[in-house]
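What TrEMBL records for 359-371 is compositional bias 'Basic and acidic residues'. Look at TrEMBL and you will find 356-400 tagged as region 'Disordered'. The feature transmembrane segment is assigned by TrEMBL to 45-68, 131-151, 163-183, 203-222, 234-255, 267-293.
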Amino acid sequence: MWAWWSRTAEAARARAAAWRARHPVPGALAVLLTRTVRSVSRTRVVGLAAESAFFSLLSLPALLLGLVGTLGHMEPVLGSDTVREIRGWMLGLAASVLTSDTVGSLVAPLVDEFLDGAQGGMLSVTFVVSLWSGSRAMNVFIDAITIAYGLDELRGYMGRRVLALVAYLGGLLFALLVLPALVAGPDVVHRLLPATVGYLHLLYWPLVCVLSTLAVAMLYMLSTPVRTPPWRYLPGAVAAMLILLVGSAVLRVYLDASFGQVTIYGSLAAPIAVLVWLWVMALAVLIGSALNAETDAMWPTPRTAAARARIAARRHERARRMVERREAALQATGAPGDALVETSAEMAARMWRRLSWGEGRDGEESGEARADAPPAEPGDGGHGPAHPRGDGRQEPGASS
């Protein structure tokens, strides 16, 4: 009886220890936020968001024209009323960026031409331009998210480009299906259910926010080379949506104060405002990915820990080969003097830190002491001697 009780108590203590290892402890939230801020600064999130915003703005006209041309061919399915509502929505969107004269003389005739059935060559050119610039912006997101997780060596250049193209095409298909519902959906619901006229608008924007959050979580899941439970991407997606909402509100106040009066920007004010909003959106998405990556670095899944261990082993092997080539070169040239040259252990430590981007990081002394030791074996849960951070670099020291 006593033996059974001892085994039960030991199993309960083991389960409690495992639960504490998987879940946050008091003070861990502050550590997580600190690591996220450092990751954002270290991975140049602000600059990458600007790059993504530029290519997104570059792809926006071609994207809208391509969607208009596609919707024009789908008029028998959608109905002429829905197509006209979408036309009015797009012209209103253009009027918020361009002057009314430009919209009336240039944009409206072009939209009407595409809705009436644009020539195949023109539609193909706009589609190709949209694919190039849009997939380039998507590639920025995928690269940044992968680097934040420290898994950038698991996917090659062509793999990233193909994934960015597929993700952008999926986004186009999603927009093609959702755009008519967002534009014409409320009127259709009002006609089918007249009792919803008074309160349907209260559910419109919450539904848009929920769909946007799920879309961001899907982007995170597609960008990560290692599959993890889908719910682990939700904290970053929710944080990205909150940052976007707050940033949009602050941007609205700033633009009203800056451009509400006479502005020196003139007709460039609206495009600049759109570019800044795209930058805020990209910044929110990348900050959310950094939060997810640092969460996974502190409480890793077995798959991500094993993947980081494999990457660490590759980097350690490259450092060892570099040291061997250096020693072979010294022997071939007959260079004398161990006192004038680094020892093999010192060289291996320096090469290891350089390959793992570990210089100037917290716990560097600990990393120098262990740099010439092989990294942890895959499957150790990420708590071995070379536990990596979530930013693509090896973190010297034990796990968080």
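Including glycine, each Cβ sits where the backbone N, Cα and C put it.
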Might you confirm whether the transmembrane segment (267-293) is in contact with the transmembrane segment (131-151), defined here as three or more C-beta pairs under 8 A between residues 6 or more apart in sequence?
yes
Please tell me whether the transmembrane segment (203-222) and the transmembrane segment (234-255) touch - that is, whether there are at least 3 C-beta pairs under 8 Å between them, with each pair 6 or more apart in sequence.
yes
Which bits of the chain, at least 6 residues beyond where the transmembrane segment (234-255) starts or stops, bring a Cβ under 8 A of a Cβ in it?
209, 212-214, 216-217, 220, 273, 276-277, 280-281, 283-285, 287-292, 295
